[in-house]
Amino acid sequence: MRPYVILNAAMTLDGKIATATGSSEISGEEDLRRVHELRRECDAIMVGINTVLADDPRLTVHRVDAAPGDNPVRVVVDSMARTPPHFRVLNDEAPTVIGVSESAPPERVAELRKRAEVVVAGTRRVDLHLLLERLHGMGIERLMLEGGSTLNYSMLTGGLVDEVRVCIAPMIVGGRDARTLVDGEGIDEMADAIRLELKRSYTLGEDLIVEYTVKG
């Protein structure tokens, strides 16, 4: 068993989630509120270590009305235990789970255990299937994925995403080195593409929101 997973992201019309320099201010204010409402509805929010290192995010509910107990559990996929101990994801605003691999340096793991629940899953890299199974065992039934390109790819190709919700902003940035919604090795044949079914689409301010379910 694993949690129900909703991949949520904001991208430009040309599919970029950040520029080549890392600038990622894409969503309008209305969409940011939508994101925080979704956070409030989920038991956990998952990001990868690259997102943590780039943004030092809080991963809490703070753009809509929320009680302290409304903050989801923060989950970081961090194979080598690189999360800096002073980063905000380890503050006391909400519980945090760090998923590491067996290859993570023991001294880093020990330091993280002082501030978070550490789950060892996988030998060299975090085994996402095993991590999600462990999270479900901890009572997490609904998880919001706010991953970067690499984590999104791994979760989607692993069959671990149930819904995809995307804010498409009326911007075009281009750039061969700019991050796309999903990267990774990619799929060779279009016939093997991950198929989605559109459930809803609507506008929020200038942004277009599309919501899909992932076909089995």
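Along the chain as shown, the residues are counted starting at 1.
Heads up, the Cβ atoms here are built off N, Cα and C, so glycines get one too.
Features as listed in Swiss-Prot:
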- T51, D55, S79, M80, A81, R82, V126, G148, S149, T150, L151: NADP(+) binding site (BINDING)
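Swiss-Prot feature annotations superimposed on the structure.
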{"residue": "T51", "record": "NADP(+) binding site", "Cβ contacts under 8 Å, 6 or more apart": "P57, E146, G147, G148, L151"}
{"residue": "S79", "record": "NADP(+) binding site", "Cβ contacts under 8 Å, 6 or more apart": "I49, G99, V100, S101, S103, A104, G122, R124, R125, V126"}
{"residue": "A81", "record": "NADP(+) binding site", "Cβ contacts under 8 Å, 6 or more apart": "I98, V100, A104, P105, R108, V109, E111, L112, V118"}
{"residue": "S149", "record": "NADP(+) binding site", "Cβ contacts under 8 Å, 6 or more apart": "I17, R179, T180, L181, V182, D183, G184"}
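Considering only the residues assigned to NADP(+) binding, T51, D55, S79, M80, A81, R82, V126, G148, S149, T150, L151, the longest pairwise Cα distance works out to 21 Å.
Taking all protein chains in view, 23 other C-beta atoms sit within 10 angstroms of the C-beta of L151 (NADP(+) binding site).
All protein chains considered, the CB of V126 (NADP(+) binding site) has 27 other CB atoms within 10 Å. In three-state terms derived from DSSP, L151 (NADP(+) binding site) belongs to a helical segment.
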